[in-house]
Amino acid sequence: MRVGVLGAKGKVGATMVQAVEAADDLTFTTGVDAGDPLSALVDTRTDVVIDFTHPSVVMDNLKFLIDNGIHAVVGTTGFTDERISQVQDWLADKPESAVLIAPNFAIGAVLSMHFAQQAARFFESVEVIELHHPHKADAPSGTAARTAKLIAAARKDMPPNPDATSTGLEGARGADVDGIPVHSIRLAGLVAHQEVLFGTQGETLTIRHDSLDRTSFVPGVLLAVRKVSERPGLTVGIEPLLDLT
C-alpha cells in the first residue's frame, strides 16, 4: 500500500513518515506541506493519505483527495457537525472513496472515551478536563468534544449536572458541550492529556489518559491506514476497527 503524509514536516506528521517508512507492508510515497502541490499525491500513485495539518486547510485537502479517489486518514481536528456533513456530501458523489476522521488515534484515549461513555449513566455529575501543549490550534480538543458528546448521549434520560453557580467570571465553568462542562488547559511541557471526572453521593471516579509522546498515535493511525479502504464512505473514530461499537 502506497501512503503519503500531509503535514509531513510537522511534529506529528514527521512521526507518521517515520512509522510508514518502518512498516514492512507500507510504502511511503511523498510528504506534502504548506505551499507544496497536492498533485504530488496523484503523481506518486498514492493510495492512502495521512492528514495531520491544520483546521484551516483540512477541508480543501479532503475535497482534493476525494475527487482524486485517494483514501484519507485524518487526525487534524476542528471538525464541526457542518464539516462532517460536507464531507459526507462529497463522498456521496464518490462512493469508492473512503475517509476516516478520528479525534484521537491513541488506543488508550479511545478506550478512555469508551469507558467514560459506559460510566456516564451511573454518576450524578461529570466534567471533562483536557490538557495540551500551548501550540494546539483548537479548544476544546476534538477528543474532549467527542468524549462530552458520547457522555451526553449516554445520559440523555438523566437530569442535568447539578450546579448552583449563579455568578462568576465568564468562562469560569468551562465550555458547554451538549450540557457537559469541558475545561481546556494549555501548558508548556504537556503533550496530550485528558481527565473525565464523575461524582455521585459518597464517591468519585476519574478516568485519565496521558499521551507522553506523539508515537502513542502510531498504532491507531497505521491500523486506520490498513483498514480504511475496506470502509467506503465516512468513518468517525477508530472504535469500529477495535470492535468497540
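Any Cβ shown, glycine's included, is placed from N, Cα and C.
What you see is a predicted model, and the numbers here were worked out from it, not measured in a lab.
Annotated features, as they stand in Swiss-Prot:
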ACT_SITE  His132  active site, proton donor/acceptor
ACT_SITE  Lys136  active site, proton donor
BINDING   Gly7, Ala8, Lys9, Gly10, Lys11, Val12, Gly75, Thr76, Thr77, Ala102, Pro103, Asn104, Phe105  NAD(+) binding site
BINDING   His133, Gly142, Thr143  (S)-2,3,4,5-tetrahydrodipicolinate binding site
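Shown on the structure are the features that Swiss-Prot records.
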{"residue": "Gly7", "record": "NAD(+) binding site", "contacts (Cβ under 8 Å, 6+ apart)": "Gly13, Val32, Asp33, Asp51, Phe52, Thr53, His54, Thr76"}
{"residue": "Lys9", "record": "NAD(+) binding site", "contacts (Cβ under 8 Å, 6+ apart)": "Gly31, Asp33"}
{"residue": "Lys11", "record": "NAD(+) binding site", "contacts (Cβ under 8 Å, 6+ apart)": "Arg214"}
{"residue": "Thr77", "record": "NAD(+) binding site", "contacts (Cβ under 8 Å, 6+ apart)": "Pro55, Pro103, Ala137, Asp138, Ser141, Gly142"}
{"residue": "Phe105", "record": "NAD(+) binding site", "contacts (Cβ under 8 Å, 6+ apart)": "Gly75, Phe217, Val218, Pro219, Gly220, Val221, Ala224, Ile238"}
{"residue": "His132", "record": "active site, proton donor/acceptor", "contacts (Cβ under 8 Å, 6+ apart)": "Ser141, Ser184, Ile185, Arg186, Leu187, Leu190, Val191, Ala192, His193"}
{"residue": "His133", "record": "(S)-2,3,4,5-tetrahydrodipicolinate binding site", "contacts (Cβ under 8 Å, 6+ apart)": "Arg186, Leu187, Ala188, Gly189, Leu190, Val191, Ala192"}
{"residue": "Thr143", "record": "(S)-2,3,4,5-tetrahydrodipicolinate binding site", "contacts (Cβ under 8 Å, 6+ apart)": "Pro103, Asn104, Ala109, Met113, Glu130, Ala192, Gln194"}
*asked:* Going by DSSP, is Lys11 (NAD(+) binding site) sitting in a helix, a strand, or coil?
replied: helix
*Residue among binding-site residues Gly75, Pro103, Gly142 with least C-beta crowding, 10 angstrom cut-off*: Gly142
*Neighbourhood of the (S)-2,3,4,5-tetrahydrodipicolinate site (His133, Gly142, Thr143): other residues with Cβ within 8 Å of the Cβ centroid, in order?*
Thr77, Pro103, Asn104, Glu130, His132, Lys136, Asp138, Ser141, Ala144, Ala192, Gln194
_Let me make sure I understand the span of the NAD(+) site: among Gly7, Ala8, Lys9, Gly10, Lys11, Val12, Gly75, Thr76, Thr77, Ala102, Pro103, Asn104, Phe105, what is the greatest distance between any two Cα atoms, in Å?_
20
*Using Cβ-Cβ distances, find the residues under 8 Å from the residue listed as 'active site, proton donor' that belong to the same chain and are at least 6 apart in sequence, listing them in sequence order.*
Arg186
